[in-house]
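Here is what TrEMBL records for this protein:
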- 56-287: domain 'Dynamin-type G' (DOMAIN)
- 445-533: domain 'EH' (DOMAIN)
- 477-512: domain 'EF-hand' (DOMAIN)
Amino acid sequence: MFSWVRQEQGGRNKEGEMYQTVTEGLQSLYTKKLLPLEETYLFHDFHSPALEAADFQSKPMVLLVGQYSTGKTTFIRYLLEQDFPGMRIGPEPTTDGFIAVMYGENEGVVPGNALVVDPKKPFRKLNAFGNAFLNRFICSQMPNQVLQSISIIDTPGILSGEKQRISRGYDFAEVLRWFGERVDRIILLFDAHKLDISDEFSEAIKALKGQDDKIRVVLNKADQVDTQQLMRVYGALMWSLGKVINTPEVVRVYLGSFWAKPLQNTENRRLFEAESQDLFRDVQSLPRNAALRKLNDLIKRARLAKVHAYIISYLKKEMPSLFGREKKKEELIMRLPEIYTILQREHHISPGDFPSVTKMQDMLQHYDFSKFPSLKVKLIESVDKMLATKIAVLMTMIRDEESKQPPAMVSGGAFEGSQDGPFGQGYGEGISAGADAEDWIVNRDKHRYDEIFYTLMPVNGKITGVNAKKEMMNSRLPNTVLGKIWKLADCDRDGMLDDEEFALAQHLIKIKLEGYELPTELPDHLVPPSTHETPQSFC
């Protein structure tokens, strides 16, 4: 299979490293190649704590962030279809801490201080945020099928004003940044009646910078406004987000009402159903993409660690050996933007790989530059080699693992049965309409289609393609779509249409004009009745 892999015994490369799985390979590369570089240049003090085995082996995690009463906790209950321990729901701010909702054989709650000493959970490094945070952090465990594939992190409702930020007693934005680096999906929830982005919410979103590919936005409670108001609300939301998330790409926004109550406005029911199914598909794909996400995060971390090493070693090199160290330190901190530019040119590094200048300047104030290590080329080369060769091998292993045993999709709860039965998305609509009817559904409007048919001068009961084209082009559909409709409707492939085939073509045009997709092959329930009796039929 590979030059260095034997599937029965795992994989062994020239350096004797043995990988049974992609997860094990990632953990091994991090420990042997990247971790030494991080430890040498104090990466964990400046950026992110060291990764542990649980970080590589944990299930995909979904982080919910939003202002109070936007429906975060209700959203989790909607997905699980049952209450979870520690859950509190109300119109006022209720969730005052972080809740990790995870799978467990026995239902119960694990407090934060006990949680961060559990080596099987990926939360050990959260002890750095102290008791003020740990007293507001719990793990809610329960035997739910959804949680067998993913874990969900509920966060406190974000308020506005300086008082709320101070009263938390811990750095809320830094905790979000910690989770943002480790989760697979970040969902920002907004209430259709509460679109203002407070100062703390703005800080929270900025703390998630660099994780833009993980962010999705849910406009919840969208059924509480009518269509005209919904258009204005959507526009206002995009405008507000554009001021905070400074990216040229438009963030994916899902509209809907994510709870099990009747819709207040049903005029957008079809839209809400389609949006919820899109969101479900996105969440369901997380287990399949988990290994790839961890690989991607490891690459991002390695690039940042390399840049950090260059910065630290450059500051060390510029320090005087004896006198004037404090003065030189202040000068180097002030010149940090210039130093970034020098390192970009010298090592051919993209500007986007550098950490925030202001954050770096603040942190450097507390260090003695003369004690920083010099540049160790072998450590850098080891990471470069990992990025150039070892990562490519793991990419191949990911594809091989998926082909042999695809990861299970998220199932259970709201994900169960949403595509099956008469209440699945699109059932009885569009091309599926009439599937359960005894009569041919096209007959309902055939009398109108026949009036048009006989004005097109049929010969021997059929009209030519030229005459049919003139009428079909009145729909203003593109020629590619009309060509597909013609192919579906011309069941006997004689280049002409009889009255039933023409009625079928008009029915397919109507379906397309209503916004539904056309099939590649004509379903049995749309085949013209007379064609069933014709042996040479292609329908």
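Glycine residues also receive a Cβ, built from the backbone N, Cα and C atoms like all the rest.
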Tally of DSSP helical, extended and coil residues in the domain 'EH' (445-533): 55 helix, 7 strand, 27 coil
For the domain 'EH' (445-533), mean pLDDT (0 to 100): 89
Cβ contacts under 8 Å made by the domain 'EF-hand' (477-512) with residues that lie 6+ beyond its boundaries: 430-431, 433, 441-442, 445-446, 449-450, 452-453, 458, 461-465, 468-469, 518-519, 521-522, 526-531, 534, 536-539
